[in-house]
Amino acid sequence: MMKFLLMNMMLVFLISNWGVVELALFLMCFLVFLSLGHDFYVFNLGLQLGTDYLSMILVMLSVWIIMLVIYSSQMVNKTNKFSCLFLFLNLILLFALVMTFCSMDYLMFYLSFESSLIPTLILILGWGYQPERTQAGIYMLFYTLFASLPLLVSLISLYMVGGSLTMGLVKVGESELSMVSVLWYFFTMLAFVVKLPMYLFHLWLPKAHVEAPVAGSMILAGVLLKLGGYGLIRVLSMFTEENKMFSWVWVGISILGGVFVSILCLRQVDMKSLIAYSSVAHMSLVLGGLVVFSWWGMNGAVIIMVGHGLCSSGLFCLSNIIYERLGSRSLLINKGLLNLMPSLGLWWFLLSISNMAAPPTLNLLGEINLIISMVSWSKVSMISLIGLSFFSAAYTLYLYSISQHGAFFSSLYACCSGKLNEYYVLSLHWIPLNLMILKSSVVLPMI
C-alpha cells in the first residue's frame, strides 16, 4: 500500500504542472485496478496499513474521483486563482482518503477520517461562489466534529477494555446488553451516520454542496459520504448484540427520512441543492442495508456507494458546466437547455436515468440487493421502499424535464454546447457506472 501513498506524496512536488499530475493520477488508477483481484482476505500489510477487497474498491473510487475533479476544474487553472494550492489540497485530501481506507488500526482510521475534513473546508472557503460559504463551512465542521468526539471516547474505552485497536481483533467485552454497552454503541454509530448523512443529521450537506466549488461538490458526493458507510462496516461487527436490538431505529429513521427528503427534492429550484438532497435519499437506503447486516444488504450498500459516487459526481459536474455558461443554477432560469445545448442534453439524460437506477447501471444492481435485504428483514418496510423508489424516479424526471424542456428564460441566443474535455470527464463518470455491471465482481468479489 505504501507505493500508492509514496506516489501521491511525489505528486506534491509536481503541482506546478497540471498535465503531469492528471496523467500520473490516471496511471495511479490503473495500478490500483491491477491490485484488485487478490485471493487473500487482507493483503499489502505493513506499518499498520493493509487492504481487503472493500478497501481497494474505495481507494480506486477515491483516485478516480480526484482525477476527474482535477480534469473538471480547468477554470481554476485558467484564471490562475492559486492553482498550485488547489492541486496541493486535492492531493492532500487523496492522501487522507487512502490512509482512511487502508488503516488497520482504529485510532489511525479515526485520525485520517477527521483529517479529510480540513482540505474540504479550505476548498469550500477558498473557491466557493458566495459569501454564505463561511456559514456552510461552519455547519459542516461543527456537525462532523460534534459527532466525532463520542467516537474518540468510544475508541479510547475500547482500548482500555480490550488492550488493542487492531481491526478484526476487537470486540466489546460484555456478552449481554447493559446501559453502558448501549451508550457505547450509539456513541460509535453517531459519527458515521452524520457523515453518511442520515435524515435528521443531514442539514450540513445541502449547504456545503450549494456553496462549494465543483471540486468540493464532486469530492463530497463521490468519496466523502462513503467514509460513513465504510466506517459502519468496520465498527458494526464489534456490536452485534446491540445492533440486533436497535437496528429498527436506524432503518425506520433512514427509510422514512429518505421518503421525506425525496418529496423535498420536488420543491427545490437550485440544481445543486436538488442533487445534494437526492444523495441523502440514496444514502438512507445504504444505511438501512448496512444495519440489517445481511449478505444482501452489505453487497448492495457497497455497490450503491460506488454507483452513487460516480453518478452524483457526474451530475454535479454537469450543473457546474451550466453554471459556467449561464451564471445561474436556478431551475426557474435554466429552462429549455435542450435547444441551447443539445449535445449536453444527451449527458443530462444518461446521468439522470442512472440516478433513478435504470438498467444497466450499478445503482440498479445495488438497489435490488438492498430491497431484498430490507424486505427479508421486515415486510412492513415495503411501504416506505415503494415511496422511496417512486419519488426517486419523480425528482429525477423533474430535474431533467424542467431543465431541458420549456421556453428558455434569457436573452442568450447561443453558447458553447460543450468542450472535448467536458465530454471526456462526463464519459469517465458514465462508462464505469454502466459497464461494471457486466463484471460485478470488480465492485464486490463476493457476488
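Numbering starts at 1 and runs along the chain as displayed.
The backbone N, Cα and C atoms fix where each Cβ goes, and this holds for glycine too.
Bear in mind that TrEMBL entries carry predicted annotations, made automatically and left uncurated.
In terms of DSSP helix, strand and coil, the domain 'NADH:ubiquinone oxidoreductase chain 4 N-terminal' (1-100) has 74 helix, 7 strand, 19 coil. The annotation domain 'NADH:ubiquinone oxidoreductase chain 4 N-terminal' is assigned in TrEMBL to 1-100.
According to TrEMBL, the feature domain 'NADH:quinone oxidoreductase/Mrp antiporter transmembrane' maps to 103-391.
Annotation source TrEMBL lists transmembrane segment at 53-71 (among others).
The transmembrane segment feature in TrEMBL is assigned to 83-101 (among others).
Feature annotation from TrEMBL assigns transmembrane segment to 107-129 (among others). Residues 48, 76, 81-82, 85-86, 89-90, 92-93, 96-97, 99-100, 136-137, 140-141, 144-145, 148, 151-152, 155, 159, 165, 167, 191, 195, 208, 211-213, 215-216, 219-220, 224, 227, 231, 234 of the same chain, all 6+ positions outside the transmembrane segment (107-129), place their C-beta atoms under 8 angstroms from a C-beta of that stretch.
Sequence-remote contacts of a segment are chain residues at least 6 beyond its ends whose Cβ falls under 8 Å from one of its Cβ atoms, and for the transmembrane segment (141-162) they are 106-107, 110, 113-114, 117, 121, 169-173, 184, 187-188, 190-195, 197, 201, 203-204, 238. According to TrEMBL, the feature transmembrane segment maps to 141-162 (among others).
Sequence-distant contacts of the transmembrane segment (182-205) (same chain, at least 6 residues past either end, Cβ-Cβ under 8 Å): 113, 136, 139-140, 143-144, 146-148, 150-151, 153-154, 157, 172, 220, 224-225, 227-229, 231-232, 235, 238-239, 242-243, 245-246, 250, 253-254, 256-258, 260-261, 276, 279-280, 283-284, 286-287. The transmembrane segment annotation in TrEMBL covers 182-205 (among others).
As annotated by TrEMBL, transmembrane segment applies to 212-233 (among others).
The transmembrane segment annotation in TrEMBL covers 245-267 (among others).
Residues or ranges marked as transmembrane segment by TrEMBL: 274-296 (among others). Here the transmembrane segment (274-296) has Cβ contacts under 8 Å with residues 193, 196-199, 202, 205-206, 208-210, 217, 221, 225, 228-229, 232-233, 236, 240, 243, 247, 250-251, 254-255, 257-258, 261-262, 264-265, 268, 304-305, 308, 312, 315-316, 319, 331, 355, 363, 367, 369-370, 372-374, 376-377, 381, 388, 391-392, 395-396, 399, 446 of the same chain, all six or more residues outside its ends.
Per TrEMBL, transmembrane segment is recorded for 302-323 (among others).
According to TrEMBL, the transmembrane segment annotation covers 344-362 (among others).
Per TrEMBL, transmembrane segment is recorded for 382-402 (among others). Proximity of distant same-chain residues to the transmembrane segment (382-402), defined by a Cβ-Cβ separation under 8 Å and at least 6 residues beyond the stretch ends, is recorded for 255-256, 258-259, 262-263, 265-266, 271, 274-275, 278, 281-282, 284-285, 331, 335, 348-349, 352-353, 355-357, 367, 371, 374-375.
Residues or ranges marked as transmembrane segment by TrEMBL: 423-444 (among others). Only residues 6 or more beyond the boundaries of the transmembrane segment (423-444), in the same chain, are considered here, and those with a CB under 8 A from a CB of the stretch are 36, 53, 57, 64, 68, 71-72, 299, 302-303, 306-307, 310-311, 313-314, 317-318, 343, 347, 350-351, 354, 360-365.
Summed and averaged per residue, pLDDT over the domain 'NADH:ubiquinone oxidoreductase chain 4 N-terminal' (1-100) gives 85.
If one looks beyond the transmembrane segment (53-71) by at least 6 residues along the same chain, the residues whose Cβ comes under 8 Å of a Cβ in the stretch are 4, 18, 21-22, 25-26, 28-29, 32-33, 35-36, 38, 87, 90-91, 93-94, 97-98, 101-102, 214-215, 218-219, 222-223, 226, 230, 233, 302, 305-306, 309-310, 313, 317, 421, 424-425, 428-429, 432, 443-446.
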